[in-house]
Amino acid sequence: MGNNESIAGGQKAVPDKETYVWYKKFMREYPSGLQTLHEFKTLLGLQGLNQKASQHVDQVYNTFDMNKDGFIDFLEFIAAINLVVRGKMEQKLKWYFKLYDADGNGSIDKKELLNIFMAVQALNSQQTLSPEEFTNLVFHKIDKNNDGELTLEEFINGTEEDQDLLEIVSKSFDFSSVLKIIYNGNQPDTEGRFPSNLVTRLI
């Protein structure tokens, strides 16, 4: 936390001052310095998901658990904020692809995309498309060889070339509401206590 240099891939790190704010919030919620998967789900009110959606929320958590020790520590947490809020679009698309690719075989099929979007809806209720509509739209626009699967290259190139689709994908993974919940310490933002310009400043 001692500098404000760019981190991996050229994305700009969250400024030191903002990092300290997040650190205080994180340590207040998790005095051990570690957040468990259960705590992650409890924080976001995600205990009641169906099995498939729950598995993909697990996957969101696991992508942030970079050392795979079963916990998210503060460094992993701030790296997640850097990626979600300040990361370059190509970095975000690579992360989205990793989330979609549930079996880790290097490609996405319609079932994987449908299932993860169900989990996305649980995290972010501000969706205008159903999971089926979203899945069909993505494959219609960027599955150029019609083989029913998307490679990382197809996904990134196809999404970046279609501004409408890029906007839909980006909005689908808008985690600002999640960050507000974390910032407020389990309390819904009913009293305007979350500084509304914080996420704006981070972007």
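Backbone N, Cα and C define each Cβ position, glycine as well.
Just so you know, TrEMBL annotations never went through curation; they're auto-generated.
Small disclaimer: the values here were computed from a predicted structure and weren't measured.
According to TrEMBL, the feature domain 'EF-hand' maps to 52-87, 88-123, 130-165.
Taking Cβ pairs closer than 8 Å, the domain 'EF-hand' (130-165) reaches residues 89-90, 93-94, 96-97, 100, 106-110, 113-114, 117-118, 121, 172 in its own chain, all 6 or more past its ends. Each residue in the domain 'EF-hand' (52-87) gets a DSSP state, and the totals come to 26 helix, 2 strand, 8 coil. Taking DSSP states H, G and I as helix and E and B as strand, the domain 'EF-hand' (130-165) has 25 helix, 3 strand, 8 coil. Per-residue confidence over the domain 'EF-hand' (88-123) averages out at a pLDDT of 82. Shown for the domain 'EF-hand' (88-123): DSSP residue counts in helix, strand and coil, namely 26 helix, 3 strand, 7 coil.
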